[in-house]
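TrEMBL annotations:
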{"type": "REGION", "residues": "1-26", "note": "region 'Disordered'"}
{"type": "DOMAIN", "residues": "41-444", "note": "domain 'Amino acid transporter transmembrane'"}
{"type": "TRANSMEM", "residues": "43-62", "note": "transmembrane segment"}
{"type": "TRANSMEM", "residues": "68-93", "note": "transmembrane segment"}
{"type": "TRANSMEM", "residues": "119-138", "note": "transmembrane segment"}
{"type": "TRANSMEM", "residues": "170-187", "note": "transmembrane segment"}
{"type": "TRANSMEM", "residues": "199-220", "note": "transmembrane segment"}
{"type": "TRANSMEM", "residues": "240-259", "note": "transmembrane segment"}
{"type": "TRANSMEM", "residues": "280-298", "note": "transmembrane segment"}
{"type": "TRANSMEM", "residues": "328-347", "note": "transmembrane segment"}
{"type": "TRANSMEM", "residues": "367-385", "note": "transmembrane segment"}
{"type": "TRANSMEM", "residues": "391-413", "note": "transmembrane segment"}
{"type": "TRANSMEM", "residues": "425-445", "note": "transmembrane segment"}
Amino acid sequence: MGGGGGGNERFPGGSDPLLPTKREGEEDDAGASAFHEFDGASFAGAVFNLSTTIVGAGIMALPATMKVLGLVPGLVMIVLAALLTDASIELLVRFSRAVGARSYGAAMGDAFGWWGRRLLQVCVVINNVGVMIVYMIIIGDVLSGTDSGGEHHYGVLEGWFGMHWWNGRFFVLLVTTLCIFTPLACLKRIDSLSYTSTISVALAVVFVIITAGIAIVKLIGGQIPMPKLFPVVPDLASVWELFTAVPVLVTAYVCHYNVHPIHNELKDSSQIRPIVHTSLTLCSTIYITTSFFGYLLFGESTLSDVLSNFDSNLGIPYSSVLNDAVRVSYAVHLMLVFPMIFHALRLNLDGLLFASARPLSSDNRRFSAMTAVLLLVIFGSANFIPSIWDAFQFTGATAAVCIAFIFPAAITLRDPQGIAKKWDKILAVFMIVLAVVSNVVAVYSDAYKMFHKKSAPSQA
């Protein structure tokens, strides 16, 4: 198909499946035989893979948005964000099918040519590297502890066994990288991760159940005050603060870079829409429950990362056991989310660096080298750049919003095949405006807080 990157043209690394379909005939004999053993991904496996892509570290920031917005507006915004995500994925899938694009990069290439495809790949690389560094940092904090404000917060392993060299951050992350991340990162099909994705989602549910159970017990015991239902806005500054919660909600459902790989591996490709609906419903339920009970449990003491609230006495029997259960289940959840994000990172980085090379799955040397280098970079960053949150907010959140809303909306407005309806274009304009405004607010808010913190000591 014509122009700017053609619909049926293959775009290496743009999110194509690592093992292509039989009719493409690009694999070698070993790869072809491997494919024949794979009869297509199941509905349930695809749902869990997409859900795992969605539910990551962002879930821990949602209770804090309830503190800012109040329960009623906060829960309504979670639902609206899910609906908006569903609409953006529907646009992306529909326009991809219209041009025969089997990857997000191919759809961007058809609409905007070489630079559009490259811009998408750069955003996926920036977003996913930032996300995985943060995941590894959180895993290190949970298992090995962290130092903050001159105070050491003990990790789970330190609490169980005391402080030793083998449960320090470096060694724990090294073992995690070699024994968990590396084997899972070496799988070439995204459907191969369906079982670990199922466990990952189950662990997120365990976290929700424990949090809800603690909150209900304390509520029955009269230990929880009435939560704030609506925001308190005594002045203009309070109104401005409300907008700082928007980026968290807007980026909570980002999964678009894995929609095409999951779609391409399905037994029945027409199931992609029900799969997206089911995944968003499941994740919305987890988000709503976590937000409600997390804020109900900790109230105005809710921290920006609610996991940090599980570092103290909960005021109920077996508090320390429940704290450890919450933190361990979430740490393992992140370990199993990691390879899903890594899969898209490796494909898109390969597309940037080796755009004209043969498929990554048929070049084991390139596949192994890229996997090893990426894991080394992420591991090193998590160990030697522990204060990654500011960088993550400026780069990761911005790139995520582009992936989730700006690019699907831009493809719709570009409409190279002339299939966009009037409502599609209205929705696209709304998504772009929302994304741009939320990004500007987020960057301004983070910059203000950063410089305010730096200037505060000199004023003391």
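For all residues, glycine too, the Cβ spot is worked out from N, Cα and C.
The stretch from 68-93, 170-187, 280-298, 328-347, 425-445 with the most CB pairs below 8 A to the transmembrane segment (199-220) is 280-298. Only residues 6 or more beyond the boundaries of the transmembrane segment (367-385), in the same chain, are considered here, and those with a CB under 8 A from a CB of the stretch are 129, 132-133, 136-137, 140, 169-170, 173-174, 177, 181-182, 185-186, 188, 342, 345-346, 349-350, 360-361. Counting Cβ pairs under 8 Å to the transmembrane segment (170-187), the top-ranked stretch among 68-93, 119-138, 240-259, 328-347, 425-445 is 328-347. Packing against the transmembrane segment (240-259) from elsewhere in the chain are residues 15, 49-50, 53-54, 58-59, 61-62, 64-65, 68-69, 74, 77-78, 81-82, 84-85, 88-89, 92-93, 104, 124, 127-128, 190, 231, 233, 272, 276, 279-280, 283, 287, 340, 343-344, 348, 397, 400-401, 403-405, 407-408, 434-435, 437-439, 441-442, 445: each is 6 or more residues past its ends and has a CB under 8 Å from a CB in it. Of the Cβ pairs linking the transmembrane segment (425-445) with the transmembrane segment (68-93) and spaced 6 or more residues apart, 3 or more are under 8 Å, so the two regions touch. Using a Cβ-Cβ cut-off under 8 Å and counting only residues 6 or more beyond its ends in the same chain, the transmembrane segment (328-347) has close neighbours at 13-16, 18, 49, 52-53, 55-57, 60, 124-125, 128-129, 131-132, 135-136, 138-139, 142-143, 156, 176, 180-181, 184-185, 187, 190, 193, 196-197, 199-200, 203-204, 206-207, 210, 257-258, 261, 307, 360, 370-371, 374.
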